[in-house]
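Lifted from TrEMBL, the feature list:
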DOMAIN    36-203  domain 'FAD-binding PCMH-type'
ACT_SITE  ARG181  active site
ACT_SITE  SER259  active site, proton donor
ACT_SITE  GLU367  active site
Amino acid sequence: MSDSSLTPDIFARLRETAGIALDEQSRFSDLTTLHLGGKPRLTVQCESTAAAVSAVTALDAANIALLIVGGGSNLVVADGQLDLVAVVMAQDALEIDLDTGLVCAGAGVVWDEVVAATVAAGLGGIECLSGIPGSTGATPVQNVGAYGAEISDVLTRVRLLDRSTGAVEWVAASELDLGYRHSNLKFTSRGVVLEVELQLNVDGLSAPLRFGELARGLGASEPSQRWPVADVREQVLKLRRGKGMVVDPADHDTWSAGSFFTNPVVDDALADSVREQVRAIRGESDAERMPRFPAGQGTSKLSAAWLIDRAGFDKGFPNESAPARLSTKHTLALTNRGTAQTADLVDLARTVRDGVREKFGVTLVPEPVWVGVSID
Ligand SMILES: Cc1cc2nc3c(=O)[nH]c(=O)nc-3n(C[C@H](O)[C@H](O)[C@H](O)COP(=O)(O)OP(=O)(O)OC[C@H]3O[C@@H](n4cnc5c(N)ncnc54)[C@H](O)[C@@H]3O)c2cc1C
């Protein structure tokens, strides 16, 4: 437990700050796409950049634990009472320069609104990231990516509140260590992204199509072809909906955190041994089809979804009455069917991770940020 209390002084200071709304009732189950998680000490909604800076610096100065929350689409939060304050980023300024393709968005802008607006304006570069839920400020945190594109392809800089110094400054994308579902902001309390700047292209065409399923769906005939941005967005949304990867409150297959495990990067020797295991269990042709991509320095990237499936976890696992189960559309999404607690989801995650490890010797690593709870 934190030994710092939310004194009346701090409450008063937060309440009196323009652009801040306090809420003592919200639970993380209201704030996350998994609809899971207990109650923070307080929820602080920040409608402006200045409000977010004031809230975070005041809470940090008082040594009160806090969690920055955007759309809650990459969070697994413990049940029960949480000893932290939820600071929700809700600043929604969006500027698009049609001549230069420069885009500046507040951290709280819904990411897909940025994609929709830029695509409508004929700007290219983020159309493959259509339909990813959550806020714009979170996109650099795990370097969001889909269909062969990543935010790092277009991110120029972020306006960052450095929580150790209280300084607010623009930080170049090159200083964020952006990699596969990684940055030096993820799993740390280094800073708060206040604004994001992107450089898009202005010729109305997409980034080169790098994902086979997408290129085939569009009818592209050559590898790395560029395509009208609106068509790419439409096709990406179609593919994502088919996999339950566009949030729909009425569809429990989308009550998830998206892909639950990252695709494992393993030594080539382990990748060879996984292929042998697959050959033994499933036969030659399945082994030959195993997705495996060179990842440099004697390593290969494997597909987490494929391994989960080949380890015997079918879509919908374990059964129709389980409160937490694999999506019926995609083995890589762990879902809440409406009545789950976080503990149910964690049990399922553990079962899947252990099953894949037992079968193939590969330990899958969860992609979301875990708060107050662990898979170990
Ligand atoms: C159906 C579904 C599909 C998904 N598909 C994809 C996909 O295709 N590709 C992909 O990469 N991800 C995907 N995700 C995961 C998720 O949408 C992204 O990681 C997204 O960027 C998270 O944004 P958020 O605002 O919801 O972050 P949150 O879940 O609110 O927060 C995630 C982490 O980021 C931190 N954070 C949030 N905002 C800030 C900020 N402004 N400054 C500093 N730290 C911050 C939080 O403290 C937390 O540690 C999917 C999720 C779902 C539910």
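Note that Cβ sites are derived from N, Cα and C of the backbone, with glycine treated the same way.
Positions of TrEMBL features highlighted on the structure.
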| residue | record | DSSP class |
| --- | --- | --- |
| ARG181 | active site | coil |
| SER259 | active site, proton donor | coil |
| GLU367 | active site | coil |
Report task. Sorry to bug you, but what's the C-alpha spacing from GLU367 (active site) to ARG181 (active site), rounded to the closest Å? Result -> 8
**Report entry** Residue pair GLU367 (active site), SER259 (active site, proton donor) - Cα distance, angstrom, rounded
**Finding:** 7
